[in-house]
Amino acid sequence: MIAYSSALVIGLIIGLTGSGGALLAIPSFVYLFHINPLLATTYSLFMVSTTSFIGVASKWKAQLVDWRMVWAFGLPSVASLYLTRKWLLPRIPDPVIHIGGFPLEKPMGILLLFASLMLGAGFSMVRRKPAVQAVIPKSLAKTWPLFIVEGIIIGALGGLVGNGGGFLIIPALIFLGNLSVQQAMGTTLFIVAVNTFIGFLGSLPNPAIEWPFLLTFTALATLGVSLGLMASSKVSGPQLQKGFGWLVIGMAVFILLQELR
(Lines of atoms letter the chains of each structure in order from A and count residues from 1; the text may use other names and numbers.)
(Lines give C-alpha, C1' and ligand atoms only; values in the text may rest on other atoms or scores of the structure.)
Protein backbone atom coordinates (compact mmCIF):
# COMPACT_ATOMS: atom_id res chain seq x y z
CA MET A 1 0.00 0.00 0.00
CA ILE A 2 2.82 2.38 0.92
CA ALA A 3 4.62 1.50 -2.31
CA TYR A 4 1.60 2.29 -4.47
CA SER A 5 0.95 5.52 -2.56
CA SER A 6 4.27 6.74 -3.94
CA ALA A 7 2.54 6.96 -7.33
CA LEU A 8 0.19 9.63 -5.95
CA VAL A 9 3.15 11.59 -4.59
CA ILE A 10 4.95 11.37 -7.94
CA GLY A 11 1.92 12.72 -9.77
CA LEU A 12 1.55 15.49 -7.20
CA ILE A 13 5.16 16.57 -7.81
CA ILE A 14 4.63 16.62 -11.59
CA GLY A 15 1.46 18.69 -11.22
CA LEU A 16 3.13 21.18 -8.89
CA THR A 17 6.52 21.62 -10.53
CA GLY A 18 6.14 20.54 -14.15
CA SER A 19 8.83 17.89 -13.71
CA GLY A 20 10.46 15.73 -11.08
CA GLY A 21 8.40 12.60 -11.70
CA ALA A 22 11.39 10.42 -12.48
CA LEU A 23 13.19 11.69 -9.38
CA LEU A 24 10.71 9.73 -7.28
CA ALA A 25 9.60 7.14 -9.84
CA ILE A 26 12.96 5.45 -10.35
CA PRO A 27 13.76 5.16 -6.60
CA SER A 28 10.20 3.88 -6.01
CA PHE A 29 10.49 1.21 -8.69
CA VAL A 30 13.97 0.16 -7.55
CA TYR A 31 13.71 0.34 -3.75
CA LEU A 32 9.98 -0.22 -3.08
CA PHE A 33 9.10 -2.67 -5.86
CA HIS A 34 12.61 -4.18 -6.27
CA ILE A 35 12.62 -3.72 -10.04
CA ASN A 36 15.89 -3.86 -11.97
CA PRO A 37 17.18 -0.29 -12.51
CA LEU A 38 17.33 -0.72 -16.30
CA LEU A 39 13.67 -1.80 -16.47
CA ALA A 40 12.81 0.92 -13.94
CA THR A 41 14.07 3.56 -16.37
CA THR A 42 11.70 2.21 -19.04
CA TYR A 43 8.76 2.22 -16.59
CA SER A 44 9.66 5.76 -15.58
CA LEU A 45 9.62 6.99 -19.17
CA PHE A 46 6.11 5.61 -19.76
CA MET A 47 4.67 6.89 -16.49
CA VAL A 48 6.20 10.36 -16.74
CA SER A 49 5.14 10.70 -20.39
CA THR A 50 1.52 9.80 -19.70
CA THR A 51 1.12 12.02 -16.65
CA SER A 52 2.98 14.93 -18.25
CA PHE A 53 0.75 14.94 -21.33
CA ILE A 54 -2.27 15.10 -19.04
CA GLY A 55 -0.78 17.87 -16.93
CA VAL A 56 0.41 20.03 -19.81
CA ALA A 57 -3.14 20.79 -21.00
CA SER A 58 -3.79 23.31 -18.22
CA LYS A 59 -0.36 24.93 -18.73
CA TRP A 60 -1.11 25.31 -22.42
CA LYS A 61 -4.44 27.01 -21.75
CA ALA A 62 -2.77 29.38 -19.29
CA GLN A 63 -0.19 30.33 -21.97
CA LEU A 64 2.66 29.02 -19.86
CA VAL A 65 4.30 27.09 -22.70
CA ASP A 66 6.96 29.10 -24.55
CA TRP A 67 7.14 27.64 -28.05
CA ARG A 68 10.46 29.25 -28.94
CA MET A 69 12.07 27.33 -26.13
CA VAL A 70 10.25 24.16 -27.15
CA TRP A 71 11.77 24.36 -30.65
CA ALA A 72 15.26 25.47 -29.60
CA PHE A 73 15.55 23.18 -26.60
CA GLY A 74 13.00 20.42 -27.06
CA LEU A 75 13.71 19.12 -30.56
CA PRO A 76 17.44 18.47 -30.02
CA SER A 77 16.66 16.91 -26.66
CA VAL A 78 14.03 14.55 -28.11
CA ALA A 79 16.33 13.34 -30.89
CA SER A 80 19.24 12.84 -28.51
CA LEU A 81 17.14 10.95 -25.94
CA TYR A 82 15.71 8.56 -28.54
CA LEU A 83 19.11 7.73 -30.02
CA THR A 84 20.55 7.17 -26.56
CA ARG A 85 17.80 4.71 -25.58
CA LYS A 86 17.77 2.92 -28.94
CA TRP A 87 21.45 2.81 -29.77
CA LEU A 88 23.83 3.90 -26.98
CA LEU A 89 22.37 2.33 -23.82
CA PRO A 90 22.21 -1.25 -25.18
CA ARG A 91 25.87 -0.98 -26.19
CA ILE A 92 27.23 0.05 -22.79
CA PRO A 93 29.09 -2.97 -21.35
CA ASP A 94 28.18 -4.58 -18.03
CA PRO A 95 30.16 -4.15 -15.86
CA VAL A 96 30.94 -0.67 -17.11
CA ILE A 97 34.43 -0.53 -15.60
CA HIS A 98 36.59 -2.16 -12.92
CA ILE A 99 37.82 0.20 -10.21
CA GLY A 100 40.54 -1.33 -8.03
CA GLY A 101 39.23 -4.79 -8.75
CA PHE A 102 35.65 -3.73 -7.99
CA PRO A 103 33.28 -4.10 -10.96
CA LEU A 104 30.96 -1.11 -11.43
CA GLU A 105 27.84 -2.81 -12.74
CA LYS A 106 25.65 -1.09 -15.30
CA PRO A 107 22.54 -0.68 -13.05
CA MET A 108 24.60 0.80 -10.22
CA GLY A 109 26.42 3.10 -12.63
CA ILE A 110 23.10 4.44 -13.93
CA LEU A 111 21.85 5.16 -10.41
CA LEU A 112 25.09 6.89 -9.41
CA LEU A 113 24.99 9.06 -12.55
CA PHE A 114 21.34 9.84 -11.83
CA ALA A 115 22.11 10.91 -8.26
CA SER A 116 25.07 13.07 -9.34
CA LEU A 117 22.96 14.96 -11.88
CA MET A 118 20.25 15.45 -9.26
CA LEU A 119 22.70 16.99 -6.79
CA GLY A 120 23.97 19.52 -9.31
CA ALA A 121 20.51 20.54 -10.47
CA GLY A 122 19.13 20.67 -6.93
CA PHE A 123 21.82 23.00 -5.62
CA SER A 124 21.43 25.28 -8.65
CA MET A 125 17.72 25.66 -7.84
CA VAL A 126 18.25 26.28 -4.13
CA ARG A 127 21.13 28.77 -4.39
CA ARG A 128 20.05 31.02 -7.25
CA LYS A 129 17.35 33.63 -7.16
CA PRO A 130 14.41 33.00 -9.50
CA ALA A 131 14.06 35.07 -12.64
CA VAL A 132 11.37 37.70 -12.45
CA GLN A 133 10.96 38.46 -16.15
CA ALA A 134 8.43 36.34 -18.02
CA VAL A 135 9.31 37.72 -21.46
CA ILE A 136 12.31 36.48 -23.41
CA PRO A 137 14.55 39.32 -24.56
CA LYS A 138 15.28 39.63 -28.27
CA SER A 139 18.99 39.06 -27.63
CA LEU A 140 18.18 35.49 -26.64
CA ALA A 141 18.25 34.58 -30.33
CA LYS A 142 22.03 34.83 -30.11
CA THR A 143 22.08 32.12 -27.43
CA TRP A 144 19.96 29.56 -29.30
CA PRO A 145 23.00 27.51 -30.35
CA LEU A 146 23.75 27.13 -26.65
CA PHE A 147 20.23 25.83 -26.04
CA ILE A 148 20.58 23.35 -28.91
CA VAL A 149 23.84 21.97 -27.52
CA GLU A 150 22.41 21.82 -24.01
CA GLY A 151 19.29 20.09 -25.33
CA ILE A 152 21.41 17.39 -26.95
CA ILE A 153 23.39 16.85 -23.73
CA ILE A 154 20.30 16.75 -21.52
CA GLY A 155 18.56 14.38 -23.93
CA ALA A 156 21.51 11.99 -23.81
CA LEU A 157 21.68 12.13 -20.01
CA GLY A 158 17.92 11.68 -19.76
CA GLY A 159 18.12 8.65 -22.02
CA LEU A 160 20.76 7.06 -19.82
CA VAL A 161 18.92 7.55 -16.53
CA GLY A 162 15.33 7.20 -17.76
CA ASN A 163 13.75 10.63 -17.40
CA GLY A 164 12.79 13.62 -19.48
CA GLY A 165 15.48 15.84 -17.97
CA GLY A 166 13.01 18.21 -16.35
CA PHE A 167 15.16 18.80 -13.27
CA LEU A 168 17.92 19.97 -15.64
CA ILE A 169 15.70 21.86 -18.10
CA ILE A 170 13.95 24.06 -15.50
CA PRO A 171 17.16 25.74 -14.25
CA ALA A 172 18.30 26.31 -17.85
CA LEU A 173 15.03 27.98 -18.86
CA ILE A 174 14.98 30.15 -15.74
CA PHE A 175 18.60 31.30 -15.66
CA LEU A 176 19.50 31.21 -19.38
CA GLY A 177 16.11 31.72 -21.02
CA ASN A 178 14.96 34.38 -18.55
CA LEU A 179 11.56 32.72 -18.09
CA SER A 180 9.48 33.06 -14.96
CA VAL A 181 9.35 29.98 -12.74
CA GLN A 182 5.75 29.22 -13.74
CA GLN A 183 6.48 29.62 -17.46
CA ALA A 184 9.65 27.55 -17.21
CA MET A 185 7.69 24.79 -15.50
CA GLY A 186 4.92 24.85 -18.10
CA THR A 187 7.40 24.74 -20.98
CA THR A 188 9.41 22.01 -19.27
CA LEU A 189 6.30 19.89 -18.74
CA PHE A 190 5.62 19.91 -22.48
CA ILE A 191 9.24 19.10 -23.37
CA VAL A 192 9.33 16.32 -20.78
CA ALA A 193 6.09 14.80 -22.09
CA VAL A 194 7.47 14.54 -25.63
CA ASN A 195 10.95 13.51 -24.46
CA THR A 196 9.77 10.62 -22.33
CA PHE A 197 7.26 9.38 -24.91
CA ILE A 198 9.92 9.22 -27.63
CA GLY A 199 12.37 7.72 -25.14
CA PHE A 200 9.90 4.99 -24.23
CA LEU A 201 9.42 4.16 -27.91
CA GLY A 202 13.19 3.84 -28.13
CA SER A 203 13.07 1.21 -25.36
CA LEU A 204 10.69 -1.06 -27.29
CA PRO A 205 10.23 -3.94 -27.82
CA ASN A 206 10.71 -5.08 -24.22
CA PRO A 207 9.02 -8.36 -23.17
CA ALA A 208 9.97 -7.74 -19.53
CA ILE A 209 7.37 -4.96 -19.16
CA GLU A 210 4.52 -5.97 -16.83
CA TRP A 211 1.69 -3.89 -18.28
CA PRO A 212 -0.96 -4.45 -15.56
CA PHE A 213 1.43 -3.15 -12.90
CA LEU A 214 2.67 -0.26 -15.03
CA LEU A 215 -0.84 0.89 -16.00
CA THR A 216 -2.06 0.73 -12.39
CA PHE A 217 0.90 2.76 -11.15
CA THR A 218 0.44 5.30 -13.94
CA ALA A 219 -3.29 5.67 -13.21
CA LEU A 220 -2.55 6.51 -9.56
CA ALA A 221 0.12 9.00 -10.63
CA THR A 222 -2.38 10.64 -12.98
CA LEU A 223 -4.71 11.24 -10.03
CA GLY A 224 -1.80 12.88 -8.22
CA VAL A 225 -1.18 15.16 -11.21
CA SER A 226 -4.76 16.44 -11.01
CA LEU A 227 -4.31 17.26 -7.32
CA GLY A 228 -0.97 18.95 -7.99
CA LEU A 229 -2.39 21.14 -10.75
CA MET A 230 -5.17 22.35 -8.45
CA ALA A 231 -2.64 23.25 -5.76
CA SER A 232 0.00 24.80 -8.05
CA SER A 233 -1.89 28.09 -8.48
CA LYS A 234 -1.80 28.60 -4.71
CA VAL A 235 1.98 28.22 -4.36
CA SER A 236 4.37 31.03 -5.35
CA GLY A 237 7.13 30.53 -7.92
CA PRO A 238 10.06 31.06 -5.50
CA GLN A 239 8.54 28.57 -3.06
CA LEU A 240 8.16 25.99 -5.83
CA GLN A 241 11.72 26.57 -7.02
CA LYS A 242 13.35 26.18 -3.61
CA GLY A 243 11.12 23.30 -2.52
CA PHE A 244 11.80 21.46 -5.76
CA GLY A 245 15.53 21.97 -5.30
CA TRP A 246 15.53 20.52 -1.80
CA LEU A 247 13.46 17.55 -2.99
CA VAL A 248 16.03 16.81 -5.69
CA ILE A 249 18.91 17.03 -3.21
CA GLY A 250 17.16 14.79 -0.69
CA MET A 251 16.46 12.06 -3.23
CA ALA A 252 20.04 12.23 -4.54
CA VAL A 253 21.46 11.73 -1.06
CA PHE A 254 19.09 8.80 -0.47
CA ILE A 255 20.20 7.06 -3.67
CA LEU A 256 23.90 7.58 -2.90
CA LEU A 257 23.47 6.17 0.61
CA GLN A 258 21.62 3.13 -0.73
CA GLU A 259 24.16 2.36 -3.45
CA LEU A 260 27.41 3.11 -1.60
CA ARG A 261 26.67 1.55 1.76
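Positions of Cβ are set from backbone N, Cα and C atoms, glycine also.
According to TrEMBL, the transmembrane segment annotation covers 7-32 (among others).
For the transmembrane segment (38-57), the list of distant contacts is 7, 10-11, 14-15, 18, 21-22, 25-26, 29-30, 65, 85, 106-107, 110, 161-164, 186, 189-190, 192-193, 195-197, 199-200, 203, 206, 208-209, 214, 217-218, 221-222, 224-226, 228-229: same-chain residues at least six beyond its ends, Cβ to Cβ under 8 Å. Per TrEMBL, the feature transmembrane segment maps to 38-57 (among others).
Positions annotated as transmembrane segment by TrEMBL: 69-88 (among others). Within its own chain, the transmembrane segment (69-88) is flanked in space by residues 45, 136, 144, 147-156, 158-160, 164-165, 169, 172-173, 177, 179, 187, 190-191, 194-195, 198-199, 201-203, which lie at least six positions past its ends and keep a Cβ under 8 Å from the stretch.
Residues or ranges marked as transmembrane segment in TrEMBL: 108-126 (among others). Non-local neighbours of the transmembrane segment (108-126) in the same chain are 23, 26, 30, 37-38, 41, 96-97, 157, 160-163, 167-168, 170-171, 175, 241-242, 244-249, 251-253, 255-256, 259; each lies 6+ residues outside the stretch with a CB under 8 Å from one of its CB atoms.
The transmembrane segment annotation in TrEMBL covers 147-175 (among others).
The feature transmembrane segment is assigned by TrEMBL to 181-201 (among others).
Look at TrEMBL and you will find 213-231 (among others) tagged as transmembrane segment.
What TrEMBL records for 243-260 (among others) is transmembrane segment.
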